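Here TrEMBL flags His129 as active site, nucleophile. The Zn(2+) 2 binding site annotation in TrEMBL covers Asp23, His74, His118, Glu147. Taken from TrEMBL, the feature Zn(2+) 1 binding site covers Asp23, Glu25.
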Amino acid sequence: MPYYPQNGRIGWWALVRLYISADLEGVAAVVSSSQLTEPLEYERARRWMTEEVSAAIRGASSAGVDQIVVNDAHLTMTNLLVDDLPGYVEVISGKPKELGMMAAIDDNFDLAFFIGYHARHGSPGVLSHSYSDAIVGMELNGLEIGELGFNAALAGVFGVPVALVSGDEEVALEGSQLVGTSFVIVKSSVSQQSARTLLPKQSQAMIEQKSYEIIQAWKTGNVHLEAYYLEGPYCLRVIFRSPLMAKIVSFMPGLKQRDPCCVEFYHSDFPTVYRAFQAMLILAGRP
């Protein structure tokens, strides 16, 4: 971790390490589920995703970040066109992988960026959902959460604040509990499958600029970033779309079925809770 002198400025000799989790539904101009499945549309969408991630990398690198790890976090987790990314990053690609959307996160990182993120299931946000179409609700210690909150909480366990989030205006509202986080709003929902969106080139320019600005502000002590830390022990409540899914998931040791569609998992260690959730998705047939 960086060394912080009493004036709050980062020591010039400290390496700055950045973790990027990259999703697809929150990318500018991605507004319809057909863009995630139809081959020609998907190829365009994954290129926009790659270009937004590249913009974040360029901005952070220009601001003095030394090491960047990018985790491909959408569906197959092989979406990023790695040949088109800047050559000085590492990429975590493919699945299955431990901790999924947050694979390899640990306390060696100083900051995290979430690029292309979307709002949780039930939100009016563009392409809103919570990890899978199998899930219609999630609560962590009584707080309603989606991918943003759950992933930020995992980063928080390791003391890593989320410095930047890009996506639609609903995910920005969802992230209001994150202290100091900068948001790049690239589109606003017209419906769950339509949006008023920036053009990809516009969103990329904004992401690059904001990436540079938040890193610079953090390094010079001009912004206060806090890791999103929830005190344990942890209770994760997951509501599935069908009773059959919940019943199959309830066979996992340590789970309790609270009603036909709802299961709960308790543990004092949050990474264990996250891994248990990954196992639930697999058992529900939506890995």
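Yeah, the Cβs are placed from backbone N, Cα and C, and that goes for glycine too.
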Once near-sequence residues are set aside, which residues in the chain of the residue listed as 'active site, nucleophile', 6 or more away, have Cβ atoms under 8 Å from its Cβ?
Glu25, His118, Arg120, His121, Ile135, Gly146
His74, His118: which of these binding-site residues has the sparsest Cβ neighbourhood within 10 Å?
His74
CB contacts for Asp23 (Zn(2+) 2 binding site) [other CB atoms within 10 A, all chains]
27
Residues close to Zn(2+) 2 site centre defined by Asp23, His74, His118, Glu147, Cβ within 8 Å
Leu24, Glu25, Gly26, Ala73, Met101, Gly116, Tyr117
